[in-house]
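Following: one structure in structure tokens, then a few remarks.
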Amino acid sequence: ERLRYVLGLLLLLHSTDSFYVPGVAPINFHRNDPVEIKAVKLTSSRTQLPYEYYSLPFCQPSKITYKAENLGEVLRGDRIVNTPFQVSMNVEKKCEVLCNLPNKPVTLTVEQSKLIAERIREDYYVHLIADNLPVATRLEFYSNREEEEKKKEKDVQFEHGYRLGFMDGNKFYLHNHLSFILYYHREDVEESQEHTYRVVRFEVIPQSIKLEDLKADEKSMCTLPEATGSAPQEIDPTKENQLLFTYSVHWEESDIKWASRWDTYLTMSDVQIHWFSIINSVVVVFFLSGILSMIIIRTLRKDIANYNKEDDIEDTMEESGWKLVHGDVFRPPQYPMILSSLLGSGIQLFCMILIVIFVAMLGMLSPSSRGALMTTACFLFMFMGVFGGFFAGRLYRTLKGHRWKKGAFCTATLYPGVVFGICFVLNCFIWGKHSSGAVPFPTMVALLCMWFGISLPLVYLGYYFGFRKQPYDNPVRTNQIPRQIPEQRWYMNKFVGILMAGILPFGAMFIELFFIFSAIWENQFYYLFGFLFLVFIILVVSCSQISIVMVYFQLCAEDYRWWWRTFLVSGGSAFYVLIYAVFYFVNKLDIVEFIPSLLYFGYTALMVLSFWLLTGTIGFYAAYMFVRKIYAAVKID
């Protein structure tokens, strides 16, 4: 019965993945209505530097207009702009010259030719959108099936955008002809009304066709050569090049409904692996968690029963274990202000991530609302400052801190300051490359204003109320003279603890990490938030349990300095995330240059730091509750 319930929950989570985003209304087109095609950016997983569309000498419309963008789009490097493609609903175009008259081909200067050749060598993709739907290139290939089946069926996959060009030996070829294939869904209307259509898929077949093979007339119409006899359009970076930019439009009717038009783009990766890995990690984690819980609870019961027996005085002299350190276990640690500040930032991150994943799981932050995820995350982090401040203030007071104003300022600036500093340095390098991924100066000022205008006052507000609230009630008094700590065994070393504690939480989430890395570094769409929510819950459970086990071992070894150690050790899985990021860089990515590598490791450092804060905070609060519980259960004279 329980298994059926778990499977039902998983199916519910999976079904939420394809649930469509509310608030985005479909656009109905009539025949001959213009369907605007816009350009988003150029991207490459080799350089990790996005560029805006007109950074290359493409044909330009008479007036270039950029779409107003939200914060998330700006941070992602999207610069959505109009293009000169003339596409009308359900109107075919055989071949049309894009700009310049046919008798006056586009002439690329040596500089422009060099730039295009460099972008082709760096494996750049061009991203266009029609009715907010990104363009995709269809890839057909035969899977490893039996010979007879091969002839019948091909596997189809889609690639985001289209390749700018290709290389053959040391020669560069540009895709100068685009065959657009747009699919429409005919909406049901009453007989007297005109049919309405909705765009449900946008594909492109890029081709490279030499200038001499494109036969164009005075009306900007052209005829494409036979596929076998045409030569590709070469771009020689050492001299001027002449070429024509052309395009054709083909419309096809489709059964796909408007609500599920994104499914093509979202089912690019193998969901089978996902299911298997998620169920695998759920089973493993709950199995290990069950064993750990049983061992800890049984051992604790035994301990508490022994400690509460009123035996002879001689026996109590012999006593060892965690009861011995009861007079020191709540002794405030070194640097209580920094500890409470980091934990406050951890609470802020925890609340933000939980809300973002939950809202995304309900389908509100689908990839069709560009930049919504990043914008929501930024604003939520600012507003969650009030919770971060409250928890930090209360803990600081519990640790006998007095300077609450300084503590609040530290909480509001320590982690965000590090993030801002690293991002600013990386941004300077991206600026130097003239990439659209560089955050513009006004956006940076706006982010600073949000930080000091929203987050800082909210942290102060939370800290004030947290500091005024009754401190956490510790069940035992602290002795005036600290107890001597016996010499510790080698396996009680911090670093050994970090390595041991990180394995279980990392094992539970590393498959999901692969998909997240692919989304960030290889321009894939990440949409499996149902799975991610489940993984997040598993992560919280496993971090809490490992942290409780580690603090129990430490107190049994009569070492009462658990505050900082628990925070550091619980974040041990961040160390494994760092190792995985290095492995991913070496094996999966094709990055060779200095600046892309710097960007990768800079952003990875931020991810690892945030992940350490998150898991460290979860582990710390679990351990703190555990320590208060066990000392409240024993009788202490």
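Using N, Cα and C of the backbone, Cβ positions are placed for all residues, glycine too.
The signal peptide annotation in TrEMBL covers 1-18. Look at TrEMBL and you will find 275-297, 341-365, 371-396, 408-432, 444-467, 495-521, 527-555, 567-586, 598-627 tagged as transmembrane segment.
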Outside the transmembrane segment (567-586), six or more residues from its ends: residues with CB under 8 Å to it: 339, 342-343, 494, 497-503, 505-506, 509-510, 513-514, 517, 521, 543, 546-547, 550, 597, 600-601, 604, 607-609, 611-620, 622-623
Segment-segment contact (the transmembrane segment (341-365); the transmembrane segment (495-521)) at 3 or more Cβ pairs under 8 Å: no
Chain residues outside the transmembrane segment (444-467) and at least six past its termini with a C-beta under 8 angstroms from it: 71, 344, 378-379, 381-383, 385-397, 404-405, 407-409, 411-413, 416, 420, 424, 427
Positions whose Cβ lies under 8 angstroms from the transmembrane segment (598-627), at least six residues beyond its ends: 48-49, 329, 342-343, 345-347, 349-350, 353, 415, 418-419, 422-423, 425-426, 429-430, 472, 501, 505, 520-521, 539-540, 543-548, 550-552, 555, 562-563, 566-575, 577-578, 581, 585, 589, 591
Interface-richest range of 275-297, 371-396, 408-432, 527-555 toward the transmembrane segment (495-521), CB pairs under 8 Å: 527-555
Intrachain residues whose Cβ lies under 8 Å of the transmembrane segment (275-297), provided they are six or more past its termini: 6, 10, 14, 504, 507-509, 511-512, 531, 534-535, 538, 541-542, 545-546, 548-549, 552
